[in-house]
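To start, the structure itself, in structure tokens.
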């Protein structure tokens, strides 16, 4: 059973289905039943579980036999997490539990897939569903023999993390009243269900609460976990630098949206003892714990954390001490390792120190500032567990980007990394690093079918997502929720080049930034460089003489296709952009295509498009196992599976460092670069997705 064909892909997939329902019940649309022995029955069904399982098996279309193992993992730590608790990787106790479970899954010998399935079924029966889902996903992604098993869309298995809690009561009613084969009308999710525009931060709710944006963050942290016993799971190429770059781009994109709404750029949270004016009421319920996510009132403070149940005992003094040590490392350009020796500080080390991942050079000295900051923010309402309250949305990778404070915290993280980039130990780029002799960009433009030149068009779209895979304890059949989100008309870049040298390759780098700052003044480059959002990056052959490059927006190296954010789990592989599932599991991490372009304004927001054709001799990477890239999607944010990051330059190049000579973007432009004024215009209407199920129109 070592090949991953047919059943061996289908059966592991079923462990994602209806995560809060026990495995005794049928799974999947075909009502498949796992044949459980007493050892594999959940503890609460110990008396009659096998009998119930057999009874369900009588109606099943498929019965899945399970191999009986000589021994099962003890899960001494992981079994302590109650099945109805919420799970957060940011809590030390939960990290230890996750490490224990991932070890058990990774330690099953390769190609012993019956053993692997039985081990996972045992874990699924005995462990918290959210803990299981995370560990199972990481294991599937990192085992060579399971990488063809698709990681299920988290918004469909745990829909309560992505949408208004009132939806689920209505959804259960629909499944109970309407038979499975009757078309069901979608449940409409209103656009403004968490607040009103009296709260100015709410103007950005469409962006912060977007399903695709939150799925991106969840999937990125699945691909780049910060802790594991097997170092190789964490120690991926340039991982710390990617932590900086991906989050830097989130802040830049968020700031673009803020400017479109006449708001200032996000203010970093740097005084950790001052009140936090931003309140947040998530209006989400956890279907696992059957409780609402705790809100945060305005003007609450961080407080020292002492929650033994979570393994948290940290003071603000600890955080400030770690911060001083990080600042000293930045100001001296040196980092002190755990053994007392010192090494040069680079951005990759700084990212791992700040987060902190297990790759941090010295956890004792530099702590875990980023992760603990999330915990401080998540427990302001109950820092000592006096009220038995769980954490706020900011401590869960799938919900954290909903909270306005996420951006204030990450603005501080980004500012700390930028101080390193601006320090004397990181030299600005020289002209020879920026130029590409013989390559001259003569013009650049963007075109939209039937639209005005150099104008990008955004609009609202409403789409349906099927909730039935996450609706535990209800009848089968599709139940759709319809929600509205920002989208953009497809466009293409047209770049004209004169190459006076011989034929060669080049890397095309495309960025965009608002033309004016909050005061409607022209930016200084020192500020605008942090506002440039990466739109695309690709390698292109150039002929001698005149060349014209056209590139579609849907081919962006930053994004994943729309279908991957809102895909149904069953019809796999119909997307021509996806070569195989293994790459999807990795490349499923990526910025959502529908959020590629900032919202703009109805009057038209002024942006600048920047295009650079860099010298490929300085860009190219020698990949292990050759340069055959299996997955081109979203490599800018997510790297490539089992390979080096596909660009030798610093992430964010050429804007990751200040310029020593240019004071504004016009001064920065060399012959191999071009700048083009463009307009982003919002059409404030809602269009139906033509792919919505016919029953739902």
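From the backbone N, Cα and C atoms, a Cβ is placed for every residue, glycine too.
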One of 245, 247, 261 listed by Swiss-Prot as binding Cu cation A at the site of 217, 221:
247
Write down the one residue from 219, 410, 420 that Swiss-Prot lists together with 370, 374 as binding Cu cation B.
410
Counting Cβ atoms within 10 Å across all protein chains shown, which of the binding-site residues 370, 374, 410 comes out on top?
374
Output the one of 313, 498, 552 that, of all these glycosylation sites, has the highest number of other Cβ atoms within 10 Å of its Cβ.
498
Distance, residue 313 (N-linked glycosylation site) to residue 370 (Cu cation B binding site) (CA atoms, angstrom):
15
Take the C-alpha atoms of residue 638 (disulfide bond) and residue 410 (Cu cation B binding site) and report the distance between them in angstrom, rounded.
18
Of the recorded positions 260, 410, 552, which one has its Cα closest to the Cα of residue 498 (N-linked glycosylation site)?
552
How big is the gap, in Å, between the Cα of residue 374 (Cu cation B binding site) and that of residue 355 (active site, proton acceptor), rounded to a whole number?
10
